[in-house]
């Protein structure tokens, strides 16, 4: 154990000395943090040096780009690599939107699995020397259990009629939570049986590591899918606002950045943060105006039992209908306009854009702190110039939670179709009881005679 700690400390120093020059600012800060810990608390340094070094992934920039940009400085080379790959990812985003909600859900699942892999791989790389039994097997097993629970809940909620029509699905739906708990309990017992006397503490570290990863990755991706079912606009606008803020903050910081924003990310600047905020607000309002006029984006994603497929068609609610708004006197004196025609959703988009610009980056800062704790630059090297998938989605997961809470608090109301689905699942005597109760209530309020006259 002592040799591993000394080896980890030696490897850390060697890695810091051999890193590229463009990251020297971060490296020097890491050294100063380490020196500060040594001066103030020897125990902290001893604990830090006991963490084995995570291998640094090699540069996987395509050879074509390396040759084309060979004459540029590392700063401008990174700018062009990031820019080209960003355009490629945006194009891919447009394609999957065109392919529809089912493809979007599959992409969300794939991204979730890749993010989980990247975080768990870091844990395995840190503690691989200890040969912890069943660590990776149990990690993937728990991922399967949690996904079974969340996706089972989604299927029962949004595909109720289909589930009730098929006997096997009906049984699985009825006992879904018990089955989910039994699966998790099996994994829990397997973990207890895998405990090794000399590695108790490390094994519980990794048990907690796996569960926190599941909380961050799987739960948030499940909320993203729920947002998608509310209407594709609730999926596309928040994600696009985070992407816009990321791009514009980088652009403003690259060309105008002078004032450091936060020590966790030395390259982040106040100029980039403020410029990204205003650009994202403007972008969110314009994107919302364009998308709110199309039923394909604003209608909830529902399952059509007749065609056994998803359908996106409805009468747009008031949230997506143009309305006149009176401008405040200050804006009226500046613009000369008395009223403006806006979609109500555009006002909500300001709240979404504000969160994406001010609070969303803290997801990235959190990820930066996590990476600095293990002396790594990126979660992986999947995307040249951008790092791993988790490096691109660290802010998206925080945004997904906010959107889901926002919809539940300010947007979503009672859903008559879901109420009817639940009523149809009741016994005949229960349905008659509800019918008579509702009839008596409507008659008492004087609504039923009016309805009967209108029908006549």
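Cβ coordinates are placed from backbone N, Cα and C, and glycine is handled just like the others.
Feature annotation from TrEMBL assigns region 'Disordered' to 1-62. If you look up TrEMBL, you'll see 1-10, 21-48 marked as compositional bias 'Basic and acidic residues'. Annotated transmembrane segment per TrEMBL: 79-99, 105-127, 134-151, 178-196, 203-225, 231-252, 273-297, 345-367, in sequence order.
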Other parts of the chain folded back onto the transmembrane segment (273-297), taken as Cβ under 8 Å at six or more residues beyond its ends: 231-233, 236-237, 240-241, 244-246, 248-249, 251-253, 256, 261, 312-314, 316, 320, 342-343, 345-346, 348-350, 352-354, 356-358, 361
Contact ranking winner - 105-127, 134-151, 178-196, 203-225, 345-367 against the transmembrane segment (231-252), Cβ under 8 Å: 345-367
Residues of the parent chain within Cβ reach of the transmembrane segment (178-196), under 8 Å, 6 or more residues beyond its termini: 132-134, 138, 141-142, 144-146, 148-149, 152, 172, 203, 207
Selection from 105-127, 203-225, 345-367, the stretch that has most Cβ pairs under 8 A to the transmembrane segment (134-151): 203-225
Non-local residues, at least 6 beyond the ends, that sit with Cβ under 8 Å of the transmembrane segment (105-127): 51-52, 54-55, 96, 135-136, 139, 143, 147, 202, 205-206, 209-210, 213-214, 216-218, 221, 224-225, 228, 374, 376, 379-380, 382, 388-390, 393
Non-local residues, at least 6 beyond the ends, that sit with Cβ under 8 Å of the transmembrane segment (345-367): 233, 237-238, 241-242, 244-245, 249, 262, 264-265, 268, 273, 276-277, 280-281, 283-285, 287-289, 292, 298, 319-320, 379, 390-391, 394-399, 402-403, 406, 410-411
